[in-house]
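Engineer: Okay, here's the structure, questions in a sec.
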Amino acid sequence: MRVLGIETSCDDTGVAIYDDQHGLLTNQIYSQAKIHANYGGVVPELASRDHLRKIVPLIQAALSEARLQAKNIDGVAYTAGPGLISSLMVGATVGCALAYAWKVPNIAVHHMEGHLLAPMLEINPPSFPFVALLVSGAHTQLIAVTKMGKYQLLGQSVDDAVGEAFDKTAKLLGLDYPGGPMLSKIAQQGIAGRYKFPRPMTERPGLNFSFAGLKTFAANTINIAASDAQTHADIARAFEDAVVDTLMIKCQRALDQTGFKRLVMAGGVSANQTLRNRMKKMVEQRGEEIFYARPELCTDNGAMIAYVGSVRFASLVLPQSQLAVIVRPRWPLEELTTISR
């Protein structure tokens with residue numbers, strides 16, 4: 001079965017085609033980062049308008065690269081939420097319209113389920129059960145995954161998501177949007193230990209996170225520190241170390257609490273190399289396994305949507321009616337139906 005996947009939940013336009021026999025055939029991504037850089041963040045109106053401009057050319061490019069025609073597509077999957085409603089509507093309406101025109105079924109896919117299952121596209125995918133750490137610009141969650149579609153929320157951020165904290169701290173340091181990757185880059189030149197940042201909510205029990213206070217701590221530190229490049233690198237290093245330490249402590253607790261022996265990292269922040277290296281070392285020292293997707297499948301993309309759509313089509317477990325275009329800007333992951341596979 002070949003499924004066309006469409007992703008437009010925020011500011012990246014993604015189109016991909018997944019074949020359940022031959023794997024990922026094509027993965028087209030267009031980033032709007034340059035458009036939003038002047039505003040220091042995503043402007044929803046600009047995002048949706050640019051999705052409209054790019055989505056059809058990307059679909060054409062995907063079909064061309066895969067050497068397929070519309071008649072070769074067996075289903076269309078699109079991101080229905082969570083996300084920006086104006087952006088979601090672009091992908092949803094185009095996806096449903098194509099499915100209607102091509103006389104194939106369409107399916108609404110949960111954006112975070114896409115991220116969570118993106119490592120399944122790798123040569124060595126994880127087996128169940130596992131603990132998933134979902135870290136992105138909008139989410140920071142720990143989830144117990146016992147099978148496809150069966151998710152239990154263990155903990156989440158009570159305020160800012162980790163990716164949001166990265167971007168806001170980067171902005172305080174004068175870095176361009178999106179600042180998270182740039183902060184990580186200058187952190188590599190930072191001197192460890194020059195600044196000591198707190199590890200929020202690690203001294204109390206539980207698996208919830210809080211990053212708003214860490215961002216405030218960074219702001220106060222920046223305000224009283226020198227403004228030279230080395231000082232900024234040292235602050236970036238202290239911030240990143242604090243974030244990574246916090247995530248590691250919570251992941252260890254989640255693994256201990258569930259008794260699972262596998263950790264999956266997903267979402268845009270999971271591409272952070274410092275996080276990957278330190279989490280990998282920690283998990284392997286425990287005698288356990290860690291999994292994550294290649295960097296281009298960590299950020300928003302159509303490949304993860306096409307894959308989840310393929311799995312749900314095959315199981316005949318659909319999360320919504322096929323007769324209407326429905327988007328859900330807020331959509332708890334736990335509401336999804338278990339996939340029988």
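Glycine is no exception: its Cβ is also placed from the backbone N, Cα and C atoms.
Got these off Swiss-Prot a minute ago, pasting:
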- HIS111, HIS115, ASP300: Fe cation binding site (BINDING)
- LEU134, VAL135, SER136, GLY137, ALA138, ASP167, GLY180, ASN272: substrate binding site (BINDING)
Engineer: Please determine which of the binding-site residues listed here (ASP167, ASP300) has the lowest count of neighbouring CB atoms within 10 Å.
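Structural biologist: If we count Cβ atoms within 10 Å for the binding-site residues ASP167, ASP300, the smallest count is at ASP167.
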Engineer: Per DSSP, to which secondary structure element type does LEU134 (substrate binding site) belong, with helix, strand and coil as the options?
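Structural biologist: Going by the DSSP assignment, LEU134 (substrate binding site) falls within a strand, counted as strand.
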Engineer: Cα of ASP300 (Fe cation binding site) to Cα of SER136 (substrate binding site): how many Å, rounded?
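Structural biologist: Taking the Cα atoms only, ASP300 (Fe cation binding site) lies 10 Å from SER136 (substrate binding site).
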Engineer: Around the Cβ of LEU134 (substrate binding site), how many other Cβ atoms lie within 10 Å? Please give the count over every shown protein chain.
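Structural biologist: LEU134 (substrate binding site) is surrounded by 27 other Cβ atoms within 10 Å.
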Engineer: Please report the distance from the Cα of ASP167 (substrate binding site) to the Cα of HIS111 (Fe cation binding site), rounded to the nearest angstrom.
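Structural biologist: Each residue's Cα considered, ASP167 (substrate binding site) and HIS111 (Fe cation binding site) end up 21 Å apart.
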Engineer: Rounded to a whole angstrom, what is the C-alpha distance between SER136 (substrate binding site) and HIS111 (Fe cation binding site)?
Structural biologist: 11
Engineer: For a quick check of packing: other C-beta atoms within 10 Å of the C-beta of VAL135 (substrate binding site), how many?
Structural biologist: 28
Engineer: Through the lens of DSSP with three states only, how would you label ASN272 (substrate binding site)?
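Structural biologist: ASN272 (substrate binding site) sits in coil per DSSP, no helix or strand.
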Engineer: Need one number for the substrate-binding residues LEU134, VAL135, SER136, GLY137, ALA138, ASP167, GLY180, ASN272: the maximum pairwise CA distance in Å, whole number please.
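Structural biologist: Among the residues the record ties to substrate, max Cα distance equals 17 Å.
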Engineer: Excluding near sequence neighbours, so keeping only residues 6 or more apart in the same chain, what lies with its CB under 8 A of HIS115 (Fe cation binding site)?
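Structural biologist: Listed in sequence order, they are LEU134, SER136, ALA266, GLY267, CYS298, MET304.
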Engineer: Would you list, in sequence order, the residues of this chain other than HIS111, HIS115, ASP300 that have their CB within 8 A of the centroid of the site's CB atoms, where the site is the one recorded for Fe cation?
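Structural biologist: The surrounding set, listed in chain order, is GLU7, SER9, THR79, MET112, GLY114, SER136, GLY267, ASN301, MET304, ILE305.
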Engineer: Within 10 angstroms of the C-beta of GLY180 (substrate binding site), what count of other C-beta atoms is obtained when all protein chains are considered?
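Structural biologist: So the Cβ neighbour count for GLY180 (substrate binding site) comes to 24.
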Engineer: In the structure shown, which of the binding-site residues SER136, ASN272 has the fewest Cβ neighbours within 10 Å?
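Structural biologist: So among SER136, ASN272, the binding-site residues given, the one with the fewest Cβ atoms within 10 Å is SER136.
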Engineer: Output, ordered by sequence, the same-chain residues six or more apart from ALA138 (substrate binding site) with a CB under 8 Å from its CB, or 'none'.
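Structural biologist: In sequence order, the residues whose Cβ lies under 8 Å from that of ALA138 (substrate binding site) (at least 6 apart) are CYS10, PRO82, ALA161, GLY163, GLU164.
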